[in-house]
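Here is what TrEMBL says about this protein:
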type	residues	note
DOMAIN	65-491	domain 'Major facilitator superfamily (MFS) profile'
REGION	28-54	region 'Disordered'
TRANSMEM	63-83	transmembrane segment
TRANSMEM	103-123	transmembrane segment
TRANSMEM	130-148	transmembrane segment
TRANSMEM	154-179	transmembrane segment
TRANSMEM	191-210	transmembrane segment
TRANSMEM	222-242	transmembrane segment
TRANSMEM	276-305	transmembrane segment
TRANSMEM	325-346	transmembrane segment
TRANSMEM	358-381	transmembrane segment
TRANSMEM	387-413	transmembrane segment
TRANSMEM	425-443	transmembrane segment
TRANSMEM	463-485	transmembrane segment
Amino acid sequence: MHLDLCVSDIHLAVMSLADPTSDTTPFFSDDSEAEGLEEPGAGPSHHREVEEPASGVSSMRSVFTVIVLCFINLLNYMDRFTVAGVLPDIEQYFGINDGKSGLLQTVFICSYMFLAPVFGYLGDRYNRKVIMSVGIGFWSVVTLASSYMPREYFWLLLLTRGLVGVGEASYSTIAPTIIADLYVKERRTQMLSVFYFAIPVGSGLGYIVGSKVDDMAGDWHWALRVTPALGLVAVVLLLFVVKEPKRGAIEARPEHTLQRTSWLGDMKALCRNPSFVLSTFGFTAVAFVTGSLALWAPAFLFRAAVFTGERPPCIKGPCDTSDSLYFGIITVVSGILGVASGAEVSRRLRLRTPKADPLVCALGLLLSAPFLYLAIVFAQASPTATYVFIFLGETFLSMNWAIVADILLYVVVPTRRATAEAFQIVLSHLLGDAGSPYLIGLVSDSLKQTDSYLWQFRSLQLSLLTCTFVAVGGGAFFLATALFIEKDRQRAANYTPSDDEPIVVPKSGRSTRVPVSSVLI
């Protein structure tokens, strides 16, 4: 009998070492840290293991990790909207119309969204820190190259802007899943709120830095050379500060109790998740509106000022970029207020109803629509009123950034989160901001009856009104999400593994991971 027990212990130890989810390979592993196999009483190492956080990352290291991820997220959005901040100069330099101007954002978003599933698949299976480091390094090099395009080769600028999407796809699909593996519940929501502060702040800084560097250098090309240098700093911080956490280890049921299914199986499960699907469609509306405003709002404000005679037309660069500066400041302040107020309202409303998150998202979109409409209509009559309405509209629009991410994380099991992030990115961008800047530009060109300053302004004004109706539709999708959110959250929290998924077997006071089939044998 004693011999049988010893053989059984040896068998369990071998199975644990052979477990494909163990973390023994730094580059190709799922996590960076290996789970120790010491027996109780084996010395001080046992006590260190007991005291180690479930994620494998200390609380201080976790905070630094979130700070670095926020910094990189800020750089991503700063780079994305630097182009919008100097768009009048780019139009004048290359001699392009509104349709081609819209392509600058569209080709980037298309590259970003089509590559997101690839990095989502890799992020659920391999070392996330290494994937992000390579992607951000590539993004920095390509962004720098885009600043050296001569005026005869606009298509090369489009190509480089498309390649920038490679770096952003490698980061945006993976970074939220790392935060999800460091924190849970209210703490996770708080950290995601901090992470998504970088979206409006980075976007606003893109306009501000782009316009100011353009003014100081007298050349818009220098505006595109700021973020690449900071991107290389971000790679260094990512490699030496960020530590890969163990996937799902801090959940009530960690990753090793869940079976990793195929990509097709993941997609089928996600499509059967109504909260995930409906919230993704709601977020698509947010992407459509923000993508349109991000590229066209500064140009629209500039055209309104030219039409009313407040600014001279841009015949020879550098153009007046003060509207980009003001819009950037508004974006930063409204984004901070919007994300913070959205998280706080959601936190308070959760005390009354578990449907708080989708209801707050719906409220934000439905309230933003009328203010954006008023901002577009008042552009020629009162610049002050226009900026006030833009501020209110963007504040309400920003309320859902962190909340949508939190919804995804708690209605999807840990082993499918990066794939879910990628799917949401693809769908929201495919139907949202991938086409909206180009669509707004095409509609503006089609409505333009003459090439006068009046119709340059009026045609863009009419085309931007589309955003208000899309915002109302997005609010309806979030209201529909509220009908399913409780059931889907409980299903993810109580997910039942299949018959041959790994289970936890006690081994001398510790948990050892073995497949069900091995125990049965």
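All positions are counted from 1 along the displayed chain.
Glycine is treated like the rest: Cβ placed from N, Cα and C.
Whatever TrEMBL says is automated annotation, not expert-curated.
Within the chain carrying the transmembrane segment (130-148), a Cβ under 8 angstroms from the stretch's Cβ atoms is held by residues 27, 72, 76, 79, 119, 122-123, 157, 160-161, 163-164, 166-171, 174-175, 221-225, 227-229, 231-232, 234-235, 238-239, all 6 or more beyond its ends. The listed stretches are 103-123, 191-210, 463-485; of these, 463-485 has the most Cβ pairs under 8 Å to the transmembrane segment (358-381). If one looks beyond the transmembrane segment (222-242) by at least 6 residues along the same chain, the residues whose Cβ comes under 8 Å of a Cβ in the stretch are 64-65, 68-69, 71-72, 75, 78-79, 82-83, 85-86, 129, 132-133, 136-137, 139-141, 143-144, 146-147, 167, 178, 209-211, 213-214.
Comparison of 103-123, 154-179, 387-413, 425-443 by number of C-beta pairs under 8 angstroms to the transmembrane segment (63-83) places 154-179 first. Looking at 103-123, 425-443, 463-485, the range that has the most CB pairs within less than 8 A of the transmembrane segment (154-179) turns out to be 103-123. Most Cβ pairs within less than 8 Å of the transmembrane segment (103-123), among stretches 191-210, 387-413, 425-443, belong to 425-443. Remote same-chain partners of the transmembrane segment (191-210), defined as residues 6 or more beyond its termini with a Cβ less than 8 Å from a stretch Cβ, comprise 66, 69-71, 73-86, 175-176, 179, 182-183, 220, 223, 226, 294, 298, 321, 324-325, 327-336, 338-340, 342-343, 394, 398, 401-402, 405-406, 409. For the domain 'Major facilitator superfamily (MFS) profile' (65-491), the model's average pLDDT works out to 83.
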